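Report on the structure given below.
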């Protein structure tokens, strides 16, 4: 490019708009070409205040630590002891979130079961019902009870170790699932009782109840059918966490699963994922506050999900009052999703490793989010299970490392007082002091 | 006949007793007295038994039923027979909303009227209503048959898939992608067998068939106005 024009006047540096960025412009061009909104998988990709904006202080003269490899730091958690005669006992507080057979292949579901079982934790079904390979390989399986009721049957309900009534999902609070025609194979169609190849849109509301008073009766029915044996969780999207948690407890939930906007989905509109819902960091304290106000903290368990990636995230979630976390996207990455070894194939799909999110198209090079037999054959469920187990173990060791450094002999003993925030936003959301100060925005008695 | 007094022994005991009945039980006739509108009565049954509830019921009576026949000698609350898998439910009076929601199989017969969202998201159940049904019935119905001897309310069969609807009277309006369809001989035969099974005397030739136009099965921007 010439630096001067023909008269010798210098060009200004070409300036990209901060409003009409290249990303935005590509969205506009895509919309103009197709007439259809963009659909994709995954959770919010935008930058939001997150656990990365929090730090643990560790021990010093006023607090003393536990010896890293000598003194015990417990990680077990019991979920659902309030009403269920058989609560779920987990060795680690990291569970596998609900992901459907349909969105994922049968072998991928099997791998989640293998990895979770080997690490002493639970896995969760999804829209589309319970598959034999998943039940067979999951020592503790949570059965999701979803608005669509695809594949829902009482025999599977009775085989479950817990039931999770799904009200919402962090990626799309107020939205139902989507499984587009490319992924409706014969087996998926049969399980969901739908014609092969159609675009299947799951309902956003349950068909036979609305509101908290109905939910209480629905929970009663599920308990009667399962003999009051298994815990009943209620999963809600991060929207109005204080009130949703309060209402779930009032309706009789044994546990509340709270999912922030970084939590993934198999497929929904990009505009939904990026513009509806709250960041995970912002939802945990109001939910814990609700439990504390009801005198139910640690009696009704809080399971937090949405962008949990490391033992540090686990420790921060627990310090803020969660009893356990759930991982979905991170578990898929552990299995091999978005692995750079498939880069040339991602390029052919117009994307790159790490950014691939068109899971609904069923062409996943890693063979995980697909029903294509050739692609599925690339994925080894035994190796996938081993990788997931390793990852879960590492996250646990990391969380223990932090807890010991804070002088805690159980992950549950981590507390907000162990944390500081790096930004004003994070301080306000997590209700912990801005690093180096005693203050956070909204702190009672401070006048702000 | 074995009699269970719900007010005396409570819901848990009633359901636990019925759940304890084995496949080959010789105690096949049961009655539940004093239901007084309680919720979740006789839900989750899975044995070839016949249970008669002497009175009206609350939410989710006979929910997720398998094999059993449940007679409700009164009116039934919301979500009765939700997710029924097999067996039969007969309601002598009227049924509230969400009757047979997501039902996968079996049959539900209503001698009176059924309210809104009757057969919502039905997945194989057969529902026969002697009277009228309310609005948004069979919303997202996937499969199975809904037979209405009276009239249907607004938005019948909205966004339905392969479920079939037979209505003898008027339909106030059809939902998105639901259309009137030709009644071929196989449909008359099917309808006759459903009416026979329900024990209802009606002439199949007086009914009109409705079902999916299948225009919304795959997303097309030109159909966006239909949603």
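Along the chain as shown, residues are numbered 1 onward.
Backbone N, Cα and C atoms are what each Cβ position is placed from, and that goes for glycine too.
For the compositional bias 'Low complexity' (A:114-125), residue counts in helix, strand and coil come to 6 helix, 2 strand, 4 coil, using DSSP. TrEMBL lists A:114-125 with the feature compositional bias 'Low complexity'.
If you look up TrEMBL, you'll see A:83-336 marked as domain 'Glutamate synthase'. Looking at the domain 'Glutamate synthase' (A:83-336) alone, the prediction's average pLDDT is 94.
The feature region 'Disordered' is assigned by TrEMBL to A:114-138. Within its own chain, the region 'Disordered' (A:114-138) has Cβ neighbours under 8 Å at 88, 90-92, 94-104, 106-107, 144, 146, 148, 150-153, 156, 159-162, 164, 177, 179, 188, 191-192, 202, 266, 326, 331, 334-335, 381-382, 384-389, 391-393, 396, counting only residues six or more beyond its boundaries.
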